[in-house]
Structure formats: structure tokens, C-alpha cells
Amino acid sequence: MFHWKLIITYLTVILGLTVVLTTTLGAAHISSFVVLKILITRLPLINNLIIPSWSIGEATIILEIRLPRIILGVLVGAALGVAGTTMQGLFKNPMADPYIIGISSGAALGAISTIVFGLSIFGMYTIPLMAFMGAAAAIFLVYNIASVRGKLPVSTLLLAGIAMTLFLSAIISLLMYTAGEKLHGIVFWLMGGLWGRNWNHVMMAFPFILLGTTVIYIFARDLNVMLLGEEPAQHLGIEVETLKKIMILSTSLITAAAVSVSGIIGFVGLIIPHVMRILVGPDHRILLPSSALVGGIFLVWTDTLARTIIAPTEIPVGIITALFGAPFFIYLLRTRKRAMF
């Protein structure tokens, strides 16, 4: 138990330092000391202990531009980390990721339809909301296609997800072909990023990510038993079909919430769970929270690199995660030969 608490404590401290340090980085440099003081002034009880020594512009940059983007990066990274861990544990496949059952394609279709047809029903939140609805519709269809007499066979689910992804990708390609001058915006969204995000986007994603992650963690012990196989788990009292449905729906919920506000960011849900399984083992009681924390840390740093490396121009963060993720994943596969499950 102490080992668990120590790992989570270390990772939480690293995440806190990451938030403070990355808030200082950008086109306008603001010292970490000033950032810390600005953040402290927003804490109850002790906020009056700090005498303001910064400009209104610095406070606006920190609190209204950088901080919501960083917090959203933590949420999205954590969501993808938890979703990837759950999918890999459920399917007993280290190559499984949150997008394997068509969620990303559904979200992409919702967002791209909004861009192509110029929809603005919900103002600046039209794209995130349409992306969320597209992801929800995709998982609803996949779930119903894959269900066989109330059961959810893993192989059927994967095949249904692949079929749905191919079908939706064809529609997306057609929309991109007819997009004309709007093609650039579509491609940028598909590459993933956190540009232009604010506190409303954070509040839009937070409740869904919190709910789905909490439900998944409640069943962490059951996921451990599932690593033995479906039949042994059934004999040990696990309601396998019920568990699969709950895990799929919860994973879909947090992934849809993440994709709706960030676009499609690859490799986080694939790499982070794989790395953490090597470092902390397969016990989902520690693997899930550690993957969430490291996922948040990883995405915040990669997003910071994306917005600062050629500032003021931004690189889609999905490009950065792929550049880091792919070589590192190959390195892990070559250097760590032991079984993961």
C-alpha cells in the first residue's frame, strides 16, 4: 500500500510542477515566481497574503489563456491514458487504444460536418459538441452491431469498430474532397490540438471525464481478474458481459469528451499505458491512476512544445505526440522483451 501511495504522490508532485513550469513558457515569458503568486491569489483563505506585483496583462495571460489550456491538456491526457489502459486490459492486447472501436472517426465526422457546412448552432462550442455527438452515435451503432443475444464478444466488437471506422472514414474523405478552402481547418483539427481553448471547454469535458474515470476505477479489481481470461473470471464471480459493457461505455464516454475538445491526438492512449505497465505492473488499482497522471504530464509538455517551438506559429500537438511516441514505442518493444499480460 505504501508503495502505491509513494508512486501516486511522486507523480502528483511532478504534475503540479509541470502545470506551474509550463505556464511560464510562451511567446511572453513570465517567471515561475510570478506565476506561482498569481495562482496563489486564486486560492481561498490565503489569497490576501500576496501583494500584487504583476500587470493585468500578465494575470490575463496566465489565468485566461495558458492555464485553461494546460488544465485541459491534463484532462485530455488523463482521459486517453485511462481509456488506453482500460482497453488494453479488457482486450488483453497492448496494441489496443481508445480509438479502436470507431470513437475517433465518429467525432471527426461530427466536427468536419460542422466545418464543411458552416454550422454555428452553439457558437464557438459547435465543433466540440458536434464531435461529442458524432462519437456517441458511432459507439451506439458499434455497440448494437456487435451485441449478440445480449452478449458483447470482443472479436465482434473489434470487427464492428473497424468496419465503422472504414465507413466513416470514407464519408470524411468525401467531405474533405468537397471542402475547398475549408480543408486547412479540417486537417488541423484532425491532427489534434488545444489552441483557442478556455475554461468553458474545461467545464464541458471535466464532468464526463470524471464520471467515466470514476466508474472505471471502481471496477479496477474486476479488470485484474479479467487478465486471467473470460472463463476463469466468470468462475471467480465476475459478471463478464456486464463488466465489458460498463468498461466499453465508460471508455467511450471519456474518449468522446477528450476528442470533442482536442481533436484526434494519437499515441497517448497507446504509449502511456504500455510504459506504465512496465514501470508499475499490471495491477489496475495503481495502473489506472498512474496512467492518468503520466498521460496528463506527457500531453501538457508536448502541447507546450507544440506552441513554443516555432512561436507564434503552432504545430498540431498530434504531430508532436507521434514524433515522440512512435520511436519510443519501438525502443520499448526492442528492449523490454518480457510479457506484459
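Note: Cβ is positioned from N, Cα and C throughout, glycine not excepted.
Per TrEMBL, the feature transmembrane segment maps to 7-28, 34-55, 67-87, 99-122, 129-146, 158-178, 199-220, 246-272, 284-302, 314-333.
Most Cβ pairs under 8 Å to the transmembrane segment (67-87), among the stretches 99-122, 158-178, 246-272, belong to 246-272. Contact between the transmembrane segment (129-146) and the transmembrane segment (284-302) does not hold: fewer than three of their C-beta pairs are under 8 Å, each pair 6 or more apart in sequence. Tertiary proximity for the transmembrane segment (199-220) is limited to same-chain residues at least six positions away from its ends with a CB under 8 Å from its CB atoms, namely 64, 68, 71-72, 75-76, 78-79, 82, 86, 125, 128-129, 243, 246-247, 250-251, 253-254, 256-258, 260-261, 284-285, 288-289, 292. The transmembrane segment (7-28) makes no contact with the transmembrane segment (314-333), as judged by fewer than three Cβ pairs under 8 Å among residues 6 or more apart in sequence.
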